[in-house]
Amino acid sequence: MIKIYDTMTRSLRKFVPLTENTVNMYVCGPTVYNYIHIGNARSAVAFDTIRRYFEYTGYQVNYISNFTDVDDKIIKAATQAGVSPKELSDRFIAAFIEDTKALGVKPATQNPRVMDYIAEIISFVESLIEKDFAYEADGDVYFRVEKSEHYAKLANKTLSELEVGASGRTDAETALKENPLDFALWKSAKAGEVSWDSPWGFGRPGWHIECSVMATEILGDTIDIHGGGADLEFPHHTNEIAQSEAKTGKTFANYWMHNGFVTVDNEKMSKSLGNFVTVHEMLQTVDGQVLRFFLATQQYRKPINFTEKAIHDAEINLKYLKNTLQQPLTETADEQELKQFVIAFQDAMDDDFNTANGITVVFDMAKWINSGSYTEPVKSAFEKMLAVFGIIFEEEVLEVDIEALIAKRQEARANRDFATADAIRDQLAAQGIKLLDTKDGVRWLRD
């Protein structure tokens, strides 16, 4: 039984899907104006792992993750680069797909783009105005937060608490608002900006409305899980809830999940602090699976500290798991012990997708395998566990028949033909195969 920590209720809750054996997930994707950094990648990897575990347990997952392809940051970066916002966003969407593929992230069921949903966004805003949840002011449209019952319930704050923090704002946009907390659903166009015609004049969508529209258009008024980084809890997800539930009158998402930050020297990795490294840069020197494994070593809600040592440790541990998978099969293994490993793994992952505990089970199982318990069922179970973490090793085509050469070497040794035996060992070593002579016979692994 899978239990999820739901940010809305601040509690572990049994997962009950809206539709039996199906999970509908929406995860906020990147604003595509630059390469993603390791902190951004954590969200992609964390929710991919969650998706994979749902699939491991037999669920069909509809996994939707958007691309924000129109935004203030995109417009600014496109202007600086001398290209259109679409050209810039297309470039970095391609880069995102390439980077996350290297991290073993499965393609989403759909990756909706904001620019493809402008008509639906306008219709959504019109509906909110009709219901008196929104109002037009000088070409902008704002959401009335005071009309939203339990606004900011996700952030566990009251409207009065938030109003205190907003009371000192004096910018031009705030002057148009009925309440400083009211947020933009539609922004009037500025000279030279990308824009679309609407009942309120030329403009473009506000950030928060985009995800509400794409999520409900694709998955319906209520979805099972909405996810994203912890920094999206307020205001982004808070505003999504307010506008979505105002329009439909229904619960927007049954479970809210938020991943923790990647930190550097215990500070959040971010572009604004300048303490970030992009995935694109890291992949020049570090294998994508190593980065993936590093990001999986901590339970998704907890922060994870990025250090060279942590990456080095991930590389060593990944190599150990690969060598374990490449052990020769044995004839027997304790079926009950195998069953216990599978149960322990599921218990760990059922507990809010605790990858740290799940990986501990994987290494305990690897130790057991390396002690001589590696039948085909054991191998299959082990590979399925690793696949949950996105660890999938492709079968390498050998130029030699390893087992045949080992048998030939054993025969040479029995005949005291040590020159031939040594030559075979050298031949295997050239193929990256290391031989281990044990009291139970010869074992081999890839070096």
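Easy rule for this one: first residue shown is 1, then count along the chain.
Each residue, glycine too, has its Cβ placed from N, Cα and C.
Quick look at what Swiss-Prot annotates:
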type	residues	note
BINDING	C28, C211, H236, E240	Zn(2+) binding site
MOTIF	30-40	motif ''HIGH' region'
MOTIF	268-272	motif ''KMSKS' region'
BINDING	K271	ATP binding site
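For the motif ''KMSKS' region' (268-272), the residues of the chain that approach it from at least six positions outside its boundaries are 34, 37-39, 231, 261-262, 306, judged by C-beta separation under 8 angstroms. DSSP assigns C28 (Zn(2+) binding site) to coil in the three-state reduction, placing it in neither a helix nor a strand.
Taken residue by residue, the motif ''KMSKS' region' (268-272) breaks down under DSSP into 0 helix, 1 strand, 4 coil. Listed in chain order, the extra residues whose Cβ falls within 8 Å of the Cβ center of the Zn(2+) site residues C28, C211, H236, E240 are W207, H208, E210, S212, H226, G228, L232, H237, N239.
Secondary structure from DSSP puts E240 (Zn(2+) binding site) in a helix. Of the listed binding-site residues, namely H236, K271, the sparsest CB environment within 10 A is found at K271. Each of the binding-site residues C28, C211 was scored by the number of other CB atoms within 10 Å of its CB, and the largest score is that of C211. Across the fold, the C-alpha of C28 (Zn(2+) binding site) and the C-alpha of the residue listed as 'ATP binding site' stand 18 Å from each other.
Here the motif ''KMSKS' region' (268-272) returns a mean pLDDT of 80 for the predicted model.
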